[in-house]
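Peer 1: One structure follows; several queries about it will come next.
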């Protein structure tokens with residue numbers, strides 16, 4: 001179904017969709033199950049009623065131009081991979097630390113493939129893989145690429161820095177090569193939605209890198225903060241792949257600059273972040289208006305209930321892939337928590353980084369790439385200026401800077417001369433800079449989830465890193481969570497972290513209850529070595545608490 005701008009929907013006619021069956025290989029899995037939730041349409045004298053138009057129901061324009069059906073060629077890996085036995089496949093997954101699940105009654109997931117030649121990719125793509133310097137697939141690539149190449153829907157969850165961009169980019173390019181040629185004005189053949197400009201730019205760069213050897217292969221990046229007329233020209237000329245942020249894509253669809261009529265390969269990247277940023281209505285608007293036959297890949301660093309609901313609505317019998325410990329502070333990042341009064345934070349930061357600069361100079365090594373996270377845009381500029389005055393090479397990255405300024409800041413940080421990036425949470429996800437050695441939380445974030453993503457900027461792709469976090473009394477609830485997570489990692493246990501809107505609401509409620517408990521404890525009259533505590537607060541008292549006046553305050557300051 002082609003996308004119909006709201007102002008044209010009045011004259012549109014509904015169209016009934018069908019659900020193809022699943023074949024023995026699982027390739028024909030396409031579904032229009034979201035149409036089962038569409039209410040009946042009431043006709044008015046001028047077309048459909050206003051209430052129907054407001055519901056963003058899937059409409060289609062009269063067929064004036066024939067749209068070729070998408071091609072989903074039967075893919076198979078090398079004979080060596082096809083000969084693998086089930087116990088060998090499980091052994092490979094165990095070695096790769098990959099967990100794979102399929103819905104009951106679905107075909108088994110394709111085997112993981114540990115070499116690119118065994119994936120039987122197009123020769124041009126293989127040439128660019130070698131040029132890109134890839135020698136062997138990462139864990140997520142080894143399992144996700146065969147799933148995507150086989151035509152199955154995929155729900156992927158992997159640690160940051162795991163190589164998931166290539167895991168969907170390469171199969172997406174392979175898919176585009178199997179389609180009928182683009183004509184001028186054709187909509188894209190594949191679509192990637194991402195939460196931020198920075199991540200979209202990074203994805204588009206990777207897609208371009210793996211399609212360099214392909215003649216006339218076109219990609220377009222559609223994001224806010226840049227010239228919309230240039231994007232309009234690119235889209236109208238016809239492109240194979242669009243990488244977009246949801247809001248700007250909807251703008252172009254409403255203006256008639258592009259169409260969804262030929263899209264058959266869709267990727268939702270960092271889906272949890274898109275939902276956090278309020279993009280769920282735009283995501284659902286796009287997904288409702290896709291052609292019936294399409295393949296969907298959803299990648300998320302976390303799996304809250306909202307992501308599960310999205311997957312339930314728009315993925316058909318997805319293969320679920322989980323790599324490593326997801327949504328937890330990685331074991332290869334050493335984490336330091338340091339209590340610093342609010343007014344002393346910048347001075348302590350300066351001392352820390354000036355000392356590191358001196359040590360680097362003494363050892364003859366370059367200053368380690370460092371990201372400093374702060375809470376507000378104004379403070380971001382203030383800290384960057386203070387570091388610069390100390391002779392350190394720093395720049396600021398936040399939403400208040402123009403797109404050109406943000407791109408320049410990232411370029412200088414990636415390639416020099418800047419080695420300290422002071423940023424708000426705009427850089428906490430999707431920012432992939434090779435060699436970041438140190439992440440400093442000048443201000444801790446509000447949630448454990450955001451903390452995990454911040455420190456995930458270091459220790460990427462198997463390397464080690466450091467994370468230093470300054471905290472005050474107001475951060476004690478999060479600090480307690482971090483300490484528990486660090487202890488769990490040290491003992492080899494899995495880390496369970498609250499995720500999603502529902503989980504965060506429970507976190508806030510628990511934090512409020514804890515604050516109330518400490519308030520009640522501070523009012524208690526302590527007599528001798530015993531403490532009279534109401535039952536509902538008894539869990540707050542540790543056995544090791546000092547049994548004299550002031551015990552509660554001492555415990556809180558720990």
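Using N, Cα and C of the backbone, Cβ positions are placed for all residues, glycine too.
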Peer 1: Kindly point out the range from 85-113, 114-142, 143-171 that TrEMBL annotates with motif 'Q motif'.
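Peer 2: Here TrEMBL associates motif 'Q motif' with the stretch 114-142.
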Peer 1: With TrEMBL as the source, identify the stretch among 1-53, 213-265 annotated region 'Disordered'.
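Peer 2: Based on what TrEMBL states, region 'Disordered' spans 1-53.
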Peer 1: Quick one: DSSP breakdown of the motif 'Q motif' (114-142) into helix, strand and coil?
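Peer 2: Reading the DSSP string over the motif 'Q motif' (114-142) gives 16 helix, 0 strand, 13 coil.
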Peer 1: So what's near the motif 'Q motif' (114-142) in sequence-distant terms, Cβ-Cβ under 8 Å and 6+ beyond its ends?
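Peer 2: Residues packing against the motif 'Q motif' (114-142) from afar: 75-78, 80-81, 92, 96-98, 149, 156, 158, 162-164, 166-167, 170, 173-174, 177, 209-214, 321, 323-324, 461.
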